[in-house]
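According to TrEMBL, the feature pyridoxal 5'-phosphate binding site maps to Thr95, Ser96, Phe123, Pro124, Thr125, Asp126, Thr164, Asp193, His196, Tyr218, Trp248, Thr274. Among the features that TrEMBL reports, N6-(pyridoxal phosphate)lysine is placed at Lys219.
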Amino acid sequence: MTRDDARALDAADPLARYRDLFDLPDGVIYLDGNSLGALPKAVPAAIADATTRQWGDRLIRSWNEGWIDAPQRLGAQVAPLIGAAPDEVIVGDSTSTHLFKLIVAALRNNPGRNTVVSERGNFPTDLHIAEGAVACVPGARLRTVDRDDLADAIDADTALLMLTHVHYKTADRFDMPAWTARAHAAGALMLWDLSHSVGAVPLDLTAANADMAVGCTYKYLNGGPGAPAFLFVADRHQAAFANPISGWMGHAAPFEFADAYRPADGMTRWLVGTPPILSTAALEAALGVWVDIDQAQVATKSAALFDILAAAGDALGLACVSPRDPAHRGSHISFRHPHAYAITQALIARGVIGDFRDPDILRLGLTPLYLSHDDVWRAGAILADVMRDEAWRDPAYAERSVVT
Ligand SMILES: Cc1ncc(COP(=O)(O)O)c(C=O)c1O
Ligand SMILES: Nc1c(O)cccc1C(=O)C[C@H](N)C(=O)O
């Protein structure tokens, strides 16, 4: 692929016009939107309105002017991106907190079964939270196995299969309908973490017959650092499943100020405390970008961007650990190299921002809304310079920062 080829793809790109909806610094090729998405231009004004007008001027009245129902309203906006009905999704808290709520709920709703099965090497918070959640349910335990052993690990004691749809390191993607069906055939419930999937690959929780799902909104959805996460419970489970963190915002009538907890109907019961209104305002503006987007176009462009970097990596003899088949991966590409950390730093010093995942992964995020094929082609050329000149050997690139 030549640079002219990349430019020709840009000329025919139906998503090219979305680039202008984002603010990105000059001189940067941003390949880390899979960790923290770029800033949509609509967000600063939305935060300014939420602070100056809604908070400063309208004060407490704003609760009745759009704040109190923001979690449900944003849930309905996320729903089409994950193939859910508008009243099956709520937004608030963090992905970690949502995981806790759903793991405990699943264990309590699948009596006689005690095991939560998950993948060894899953994103750490999923496993940490599962460890904490099983400790809260008498008899429950967490069993983690390698991906190849998952099918055999699901048995008559499995209450819940909890998987991350797209793996944060390799971008490996599970077949959602097939694994959900496998869990159900064994009598287990299925919980999907869609953090690396939403906005990256087409999703259809309804067609997959999924029970529960969570996901963060600060990656491909560009909701901003610490943006509230989403939680999905299929309509058929909503009446039976209970939120173990029974806070007043999940109460049927919070402003009756009753001593006893009585869960709200529908998704509202999954709320805990007061929603973070300023971050919710940022996320709502960011979700506006997605309204007319065709997920199939996102997938097609993601695959083309991947191919550009895969070819650059192949030419350099780099070991690509991401699946070559686009149906089996998310929207990032990872290379394994013993000096991946220093290579990441050398790239950042040259304006190509990717990230490093311990111990040896260089990870480059491919966000079709604001990256051009030419951006990615140039990133490949800069990677080639870094590798051919061994620029990564500079001792300045060895020192580890806290956040990698
Ligand atoms: C699969 C997965 N789950 C959860 C999280 C994060 O959860 P939280 O937003 O609670 O930190 C991430 C990334 O941060 C992730 O990649
Ligand atoms: N959530 C993050 C944070 O608070 C700081 C730095 C990075 C993150 C991330 O999102 C990491 C990301 N989930 C990953 O896949 O590695």
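Counting begins at 1 with the first residue displayed.
The backbone N, Cα and C atoms fix where each Cβ goes, glycine too.
Positions of the features from TrEMBL, shown on the structure.
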{"residue": "Thr95", "record": "pyridoxal 5'-phosphate binding site", "contacts (Cβ under 8 Å, 6+ apart)": "Thr125, Asp193, Ser195, Val214, Gly215, Cys216, Ala229"}
{"residue": "Phe123", "record": "pyridoxal 5'-phosphate binding site", "contacts (Cβ under 8 Å, 6+ apart)": "Thr164, Tyr168, Asp193, Ser195"}
{"residue": "His196", "record": "pyridoxal 5'-phosphate binding site", "contacts (Cβ under 8 Å, 6+ apart)": "Asn34, Thr164, His165, Val166, His167, Tyr168, Ala171, Lys219, Gly330, Ser331, His332"}
{"residue": "Trp248", "record": "pyridoxal 5'-phosphate binding site", "contacts (Cβ under 8 Å, 6+ apart)": "Pro254, Gly273"}
Within 10 Å of the Cβ of Lys219 (N6-(pyridoxal phosphate)lysine), how many other Cβ atoms can you find? Include all protein chains, please.
26
For Thr164 (pyridoxal 5'-phosphate binding site), the number of other Cβ atoms found within 10 Å of its own Cβ
26
What is the number of other Cβ atoms found within 10 Å of the Cβ of Thr125 (pyridoxal 5'-phosphate binding site)?
17
Secondary structure at Thr125 (pyridoxal 5'-phosphate binding site) (DSSP, helix/strand/coil)?
helix
Could you tell me which three-state DSSP class Thr164 (pyridoxal 5'-phosphate binding site) falls into?
strand
May I ask you to report the DSSP-based helix, strand or coil state of Thr95 (pyridoxal 5'-phosphate binding site)?
helix
Taking the residues Thr95, Ser96, Phe123, Pro124, Thr125, Asp126, Thr164, Asp193, His196, Tyr218, Trp248, Thr274 listed for pyridoxal 5'-phosphate, what is the greatest CA to CA distance in Å, to the nearest whole number?
31
Return one of helix, strand or coil for Lys219 (N6-(pyridoxal phosphate)lysine), based on DSSP.
coil
